[in-house]
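Going by Swiss-Prot, these are the annotated features:
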ACT_SITE  Asp8  active site
ACT_SITE  Glu67  active site
ACT_SITE  Asp139  active site
BINDING   Asp8, Asp139  Mg(2+) 1 binding site
BINDING   Glu67  Mg(2+) 2 binding site
Amino acid sequence: MAIILGVDPGSRITGYGLIRSEGRLLEYLDSGCIRVGEKPMAERLQTIFHSLAVLIGEYRPEEFAIEQVFMARNPDSALKLGQARGAAIVSAANSGLAVHEYSARQVKQAVVGTGGADKSQVQHMVQALLGLSRKPQADAADALAIALCHAHMNQSVLRMARTGGKVRSGRVRQP
């Protein structure tokens with residue numbers, strides 16, 4: 001049984017999602033958004049870092065998964081996104097968690113079945129897979145999808161290990 005914290009980083013809104021994964025059983029624990037608004041960048045990063053540290057302290061996840069950086073058209077946006085990711089990653093690493101990274105395409109493929117899925121499809125599948133009464137907000141749904149992707153990858157790795165096969169997973173950074 002593992003508690004997984006998924007994070008969808010952003011310079012203004014960072015989504016988070018917590019699930020419990022035991023074999024094929026998935027249980028929703030919590031999700032939401034860390035909204036930092038128009039504060040100076042250093043304060044935004046501090047808020048992301050501390051908010052995730054509080055969640056990690058409260059739920060004690062064993063796994064941490066985050067979306068990889070994609071190249072945005074606007075270099076300034078890409079830099080800010082990278083900084084938000086850094087704050088989230090350091091928060092996890094400070095708690096001794098290994099950081100697992102997945103591309104947006106990997107996440108969509110694992111949750112929806114196609115790497116080209118749109119946000120509404122991701123929200124719908126997250127709602128269905130976790131048995132939620134309503135669709136989560138988009139950033140929280142993305143974070144839950146990242147956690148679900150990691151749970152799926154863990155199951156694939158375990159299955160392949162039992163059969164002696166090889167499997168390629170997301171990148172892993174050890175603290």
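Cβ atoms here come from the backbone N, Cα and C positions, even for glycine.
Positions of the features from Swiss-Prot, shown on the structure.
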{"residue": "Asp8", "record": "active site", "Cβ neighbours (10 Å)": "26"}
{"residue": "Glu67", "record": "active site", "Cβ neighbours (10 Å)": "25"}
{"residue": "Asp139", "record": "active site", "Cβ neighbours (10 Å)": "24"}
Asp139 (active site) -> DSSP, reduced to three states, gives helix
Asp8 (active site), DSSP three-state class -> strand
DSSP, reduced to three states, assigns Glu67 (active site) to strand
As a whole number of Å, the Cα atom of Glu67 (active site) is distant from the Cα atom of Asp8 (active site) by 6
